[in-house]
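Heads up: the structure comes next, in structure tokens.
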Amino acid sequence: MTRRVRRKVAKKGKDDAVSLSYLEIEVEDLGLERNGDVDWTSLPDDTVIQLFSCLNYRDRASLSSTCKTWRVLGASQCLWSSLDLRAHKFDTSTATSLASRCVYLQKLRFRGAESADAIIHLQAKNLREISGDYCRKITDATLSVIVARHEALESLQLGPDFCERITGDAIKAIALCCPKLKKLRLSGIKDVYADAINALAKHCPTLVDIGFLDCLNVDEAALENVSSVRFLSVAGTSNMKWDVVSHLWHKLPKLIGLDVSRTDIGSATISRLLSSSLSLKVLCALNCPVLEEETSISTTKTNGRLLLALFSDIFRELSSLFAETSNKGRNMFLDWRCSKNKDKNLNEIMTWLEWILSHTLLRTAESNPQGLDNFWLKQGAALLLSLMQSSQEDVQERAATGLATFVVIDDENASIDRGRAEAVMRDGGIRLLLNLAKSWHEGLQSEAAKALANLSVNANVAKAVAEEGGINILAALARSMNRLVAEEAAGGLWNLSVGEEHKAAIAEAGGVKALVDLIFKWSSGGDGVLERAAGALANLAADDKCSMEVAIVGGVHALVMLARNCKFEGVQEQAARALANLASHGDSNSNNAAVGQEAGALEALVQLTRSPHEGVR
């Protein structure tokens, strides 16, 4: 196999954590004359704080330990108001070590059940926002303890993977412990029963944004009691009683935005909600098969309210929210972000729309339903590219993941849709993705690299990525100490290395050494990154000059180590292919002898010929 595409970072439900990390950036020599040593202690305090802001949490702590002044500056409130721990192994000991710096922490993002258990040890009693993913193993008990220790909580989001072990009991605990709650978004709850919703209505008077996404059951009648709600999403939720919805939800006095995407709602309920609600402005019903199949939908009256569906012109509909619509169109989101609009209600609607659109488009791309080619080419790709420029980091990430996902037809055979890939390229998507890949945020780096890797299966897109400087960017990301970032970057180099015209450029960018270093760095516990690194080296080894570079930087030893020790078939296959290519140049170089002389190489290859996996043999 010479290419690899990926729909997701990891399988749902798998707690995926890697060690504390920092992207190693090569600093260019700016040509400044140095007449002596730099006195770092003479830097202004604000310059030092700016320097700290460019580092991850581990490196901030290390730098803070160098002197008393920097220890004080490193603990500045502005540096520790927000933490994104998704890429780190976050356990009780790590939380305890960070606790002294988290007195003023207000926003936290985490990944997995172990991280959830450790949150209380941060002692961040002033937390306002908590967002977690890979939450399948999080229990009612863990969530109840978290909310009990953070009574100032205003926003709680868990998803998009399913929270299988969380029940309505935990929702009641949230309501009782967090009276200041404004936003609650939970995914995959089996039963959001009436008592839980009524507890929210009773104890959370400022709750304005509710999302019960991909749930099995939600009590429709009880939701009418949450009179404070302004934005409500039940996207992907099954077993909804739409006759109850049509008779009750239009009575919600403050409801502005309603999202029923990916459900079996019909036109009758849509019509009643649009005609009867006094406050509703936007109803999002994307990818609702029943609605789209009903012939009466073309005559549905919206009464000046927005109905966003696959059959509507979404950009035009959204442009109607603005007083001036002449210069909107596909730049509508960008125009809104750049404007000095003081309309608080409009800004709230647009911010919410960015979030729910990114969520629904990603979920739709993952399920890859038939018959959406026209939508993706005409609107979907452009929407994802617009959302990639959001000021909301989680929206940017989901949009990039959506781009990586919607182009894939068959991930096993590395097949992508040519039309969709080139639509992304035509709309400037390559430059946008490369800009995200250069971000300091590792989540954005990872998702942007994944999208670039998948899109580069198309030769025309691969050429555009190379021309835009993508090879240098991916080679730099491959040096990241964050395994997820390095893995996706290695996948991008793998796909780019298929093209003969890109092999030399990858070597010149230091990509060969970066790939070999990855094998040593993640020799255990990193099957994905090892397969991608070995696959890229296999492609590069087919080129005579690149094969010499592979050997010079220790690639023969690294690949033999994989062939001997790794039990993952994908890694074995790519390592064997790389060794075969290294040894195939005959008299043009000495790599065939180098492979034969490497200790254990021949024994390992003979052993692999007995593998039950055809590709390995």
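Cβ coordinates are placed from backbone N, Cα and C, and glycine is handled just like the others.
Curation does not apply to TrEMBL; its annotations are automatic.
Lifted from TrEMBL, the feature list:
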- 37-83: domain 'F-box' (DOMAIN)
- 428-470: repeat 'ARM' (REPEAT)
- 469-511: repeat 'ARM' (REPEAT)
- 510-555: repeat 'ARM' (REPEAT)
- 554-585: repeat 'ARM' (REPEAT)
Seminar exercise, completed: If one takes Cβ-Cβ under 8 Å and requires six or more residues beyond its ends, the residues near the repeat 'ARM' (428-470) are 3-6, 9, 21, 23, 54, 56, 84, 86-87, 381, 385, 388-389, 393, 396-397, 400-401, 403-405, 407-408, 414-416, 418, 421-422, 477, 480, 482, 484-485, 487-489, 491-492, 494-496, 498-499, 501-502, 505
Problem set entry | For the repeat 'ARM' (554-585), the mean pLDDT of the predicted model | 81
Exercise. With DSSP, how much of the repeat 'ARM' (469-511) is helix, how much strand and how much coil, in residues?
Worked result: 32 helix, 0 strand, 11 coil
For this session: On the DSSP side of things, how many residues of the repeat 'ARM' (554-585) fall into helix, strand and coil, could you say?
Result: 28 helix, 0 strand, 4 coil
